[in-house]
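Below is one structure; the comments refer to it alone.
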Amino acid sequence: MYARVYIDVLSGSVDRPFDYRIPPELTGVVQPGVRVQVPFGPRQITGIVISCTEESDVTKVKPIHQVLDEQPVLTPELLMLGQTLARETLCLQMTAYQAMLPAALRGKVVKTLERNVPLAELPPELAALFQSRRRVSWIDAQKSGTAMGVVREAVDQGLLTIEEVVKDQSAGRTLQGVQLRGSYSAEERLELVGNRAVKQKELLDVLETSERPMLVKTLAEDYGISNAAVNGLIDKGLAEKVDVEKRRDPYGARDFETSTPLALTKEQTHVLTSIKKVQAAGHDTLLLQGVTGSGKTEVYLQAIEDVLNQGSEAIVLVPEISLTPQMVERFKSRFGEAVAVLHSALSAGEKYDEWRRIHRGEVSVVVGARSAVFAPFTKLGLIIIDEEHEGSYKQEDQPRYHARDIAIQRGEYHNCPVLLGSATPSIESYARARKGVYTLLQLTERVNQKAMPEVKMVDMREELKEGNRSPLSTVMLEELEKRLERGEQSVLFLNRRGFSTFIMCRSCGFTSQCPHCEISLTYHKRHHQLKCHYCGFEETAPAACPECGSEHIRFFGTGTQKVEQELNRLLPEARIIRMDVDTTSRKGAHEALLQQFGEQKADILLGTQMIAKGLDFPNITLAGVLAADALLKIPDFRAAERTFQLLTQVSGRAGRDERAGEVVIQSYDTEHYSLLHAQNYDFERFVQTEMQERKRAQYPPYTYMVLITVSHQDLTRVIKTANEVAHKIEQHKQPSTALLGPVPSPIARIKDRYRYQCMIKYKDEPDMALLLQQAVAPYMKEMSKDDLYIAVDRHPQMFM
Ligand code: ADP
Ligand code: ZN
Ligand code: ZN
């Protein structure tokens, strides 16, 4: 028997399967989807088996050295999906598989076999392996020549368990546990303890009913069993101490109150019924458009409950930034231990723990960010993508996939529905729903029947005319003051990208640029530093102009720090929490700040993008946007769409309970249709206008796009390559396909690498993946060797 293996070397030159012989002792364990160690040149390299065959065309086939998994880590479905992914996104096969697996599986997991039964109950081969030992490492078992098929069967029968430890920073966090020792019967144990040792008998009782070692700490806290009793039992040879890996589930540690399904409104009932109908019939993609507060999440919960009742599983995708403890709690309180959470803030070990619970079938619901779409479920009954319009569902490096596309492919495979939800669906999804490609469901009313907060628009040009140079308009200040008087809270939103602070010399116009990137440096007041947001370059802000020596240096723009300063000056009594990349870079800082605000330890929450989502605090009655048009100015065809979405989302933060909320939007351009329709919560009209714009300029959903970016330190090399790639595409494309460029990218240099781009807009190409593949294939070898890089981004979300 032979195995076809993709090896873990990320290079275009080895991006194909290699044949290896399966040695007899590994038969039955080596199967598609397991990881193996194989000889490759002088080295041993990890690889993934994609198929097993009876024959091989290769003359000198080397044997597989070791098998690393007792069960496949990739299911047949995921193996197949990975192939499509590699082809469609033009990435290496191994890159595609790695995207589906937790990072810890790249060689840092130590596995140990542990025996659960007396030696006599093990098959002779295993008894010989274990002898008097209780544990044997997975590697030693293979070195001893033991048939791994026998090992796996014993695991399946529960004679052995496999313990896995991830060797990362979080390893070594073990706790002390106690477990029974020896192969005594229950009566024999009782006899050995003796009648007088009451506590030790209690301990015996606990240990006998527990499947896993008990923590010494838990015994003391929950059972009132002291260390003395534990030691007593150990002295009698009936128990032993063991190290127990601390379960690193950051949410599991807390207790969640259980919640029960709410009685649904008429609209909610209708939506749920439609979802169930599709579920009974098979696969379809549903788009649920529901205004903020219309109870989408409750519908998700009840749809999932239905799926679980049928013995199936569900995946819920939530944008990274909305995956707050509040969000997690809603799922955990309904489904308890059945929920795993995959969050990028988890350590490698924590992620691996959660992934393993899914892999072993211990959970049936996964709530997670983008990559959770690859959760190794085998009985999927529903995939939900909340806030489906979010750009973060698109991965910006390889494999450049969109979670929505993967979800739909998985939905087709499992013949189950995919439910996309949003208050402001992406224009692309909405157009598909309107055309009948997706099924459109709507929730038009808020559960509490309350009107959406009133939105006031402030023209900042007028403010300037009246001599107000502050980033805060008079109206905004008045509203903030009212909230302070009433003890209510406000959120102030500032777009990070559009307005950050930079310095400029008033005498000669000099601005401080990053020496490595084509971009202005951002001024950070706290350390009086200039920083590049692209490459991390930092320098001390100059006191005089480096060009002309003038001391008239001004700080321009309205960064969050500057607004905070302004607030402190104008509203000295207000307590402010600032949330931006600087204050939230530490792990857990984001949540800690939100919690403080939730506990009303501040009056104003000032922040970037990250505060627009998921904030659900009843005491917020004012939401303010400081520069609404900053977003509109970003050179991206989705600028109007993103602005509309953001303003709607921000407005949703105010007035979540009884008191009416208000929204103040400041802008220099007050006539733009995305602002006007957002002001009236008129999604339908916004879509109409936006669709006309898209049609006129031939942007999605009227076309598909591809962005090709070439980068290298040598500018001539970049231009030459970009031209060659463009030429190749030009030769083979359909006449209706438009090729734009090559031109310098909007940010023409990052980290000393020059960047050129080509854009493709197409409607009908028989095989775009192949066309692109052919255009970039000649450079694949160069790419790994001398730093030339060609990024091919299909259906791009970012154009920088
Ligand atoms: P959305 O996700 O659409 O913004 P949520 O699901 O968060 O809306 O619901 C908003 C609020 O209304 C939540 O506090 C939720 O618990 C509550 N809610 C949802 N459905 C119902 C219902 N049928 N009856 C009572 N309260 C509900
Ligand atoms: Zn100057
Ligand atoms: Zn830089």
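Any Cβ shown, glycine's included, is placed from N, Cα and C.
According to TrEMBL, the features are:
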DOMAIN    277-443  domain 'Helicase ATP-binding'
BINDING   C505, C508, C545, C548  Zn(2+) 1 binding site
BINDING   C514, C517, C532, C535  Zn(2+) 2 binding site
DOMAIN    540-708  domain 'Helicase C-terminal'
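Structure coloured by features recorded in TrEMBL.
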residue	record	contacts (Cβ under 8 Å, 6+ apart)
C505	Zn(2+) 1 binding site	T511, C545, E547, C548, S550, H552, I553, R554
C508	Zn(2+) 1 binding site	C545, E547, C548, S550
C514	Zn(2+) 2 binding site	S520, L521, C532, Y534, C535, F537
C517	Zn(2+) 2 binding site	C532, Y534, C535, F537, I747, R749, I750, K751
Number of other Cβ atoms within 10 Å of the Cβ of C532 (Zn(2+) 2 binding site) across all protein chains: 21
Fewest other Cβ within 10 angstroms of its own Cβ, chosen from the binding-site residues C535, C545, C548: C548
C505 (Zn(2+) 1 binding site) in three-state DSSP notation: strand
Residues among the binding-site residues C514, C532, C548 that border ligand 2 - Cβ under 6 angstroms, in sequence order: C548
In sequence order, those binding-site residues of C508, C514, C517, C545 whose CB lies under 6 Å from ligand 3: C514, C517
Listed in sequence order, residues not in C514, C517, C532, C535 with Cβ within 8 Å of the centre of the Zn(2+) 2 site Cβ atoms: P515, H516, I519, L521, H533, Y534, G536, F537, I750, K751
